[in-house]
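Student: Relevant sequence annotations retrieved from TrEMBL are reproduced here:
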BINDING   109, 111, 116, 157  Mn(2+) binding site
BINDING   111, 116  oxalate binding site
DISULFID  31-47  disulfide bond
DOMAIN    61-211  domain 'Cupin type-1'
SIGNAL    1-21  signal peptide
């Protein structure tokens, strides 16, 4: 009986240790990213000496400025992550302003490291995400000014302006570096290219269709 209790206690201790190791609590007030450091192979960016921290390390200006939507999809993202604000390093949060021309879209994409919560600031958006295989259920809704919608981490999602004028939204993401994989760019714009034979069989279309799509990306 004593051995069983010891075994259980050891197992629980190891489990707790693994949980803490996977998502540790901060060990300091902040970790301003030191982009000049030669340290590599860390999950995030090395910390600047905290004595050198300044207000500008935690500051970004310009989110009120509309992005240029003169592009093929009619949508543009202005990110505010650890690249723009070094003080976000290790804090697990970031922002993005998104501007949409009339009928502009943010094409289907994923954030491999973050859940996104989107708020419509101006206009009307049709938004949605698709659940994982095998269901692949589309969950979508038309949003209006002041509405909020959540895109779960890692799932393919999209936005489209369905209003009569331009639209603006603001997104919060649960990572200082959420990453983005735009599906069309990843599949048809890979470098080097994914074999047209693989893509033709995967999408069940002729290779000429694949070649045409790859030429666009």
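Each position is counted from 1, following the chain as shown.
Any Cβ shown, glycine's included, is placed from N, Cα and C.
Caution: TrEMBL annotation is automatic and unverified by curators.
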Student: As a test of the contact definition, list every same-chain residue at least 6 positions from residue 111 (Mn(2+) binding site) whose Cβ is closer than 8 Å to its Cβ.
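Tutor: Those within reach of residue 111 (Mn(2+) binding site), by Cβ under 8 Å and sequence separation of 6 or more, are 151, 153, 154, 173, 175, 178, 179, 180, 181.
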Student: Taking each of the disulfide-bonded residues 31, 47 in turn and counting other Cβ atoms within 10 Å of its Cβ, which one has the fewest?
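Tutor: Each of the disulfide-bonded residues 31, 47 was scored; lowest Cβ tally within 10 Å is 47.
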Student: For the binding-site residues 109, 157, which one has its C-beta crowded by the most other C-beta atoms within 10 angstroms?
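Tutor: Sorting the candidates by Cβ neighbours within 10 Å, the top entry is 157.
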Student: CA-CA, which of the binding-site residues 109, 116, 157 lies nearest residue 31 (disulfide bond)?
Tutor: 116
Student: I want the residues beyond 109, 111, 116, 157 whose C-beta is within 8 angstroms of the mean position of the Mn(2+) site's C-beta atoms, in chain order.
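Tutor: For the Mn(2+) site the neighbour list reads 110, 114, 129, 151, 155, 156, 178, 180.
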Student: Determine the Cβ neighbour count for residue 116 (Mn(2+) binding site): the number of other Cβ atoms within 10 Å of its Cβ.
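Tutor: Neighbour count, Cβ to Cβ under the 10 Å cut-off: 22.
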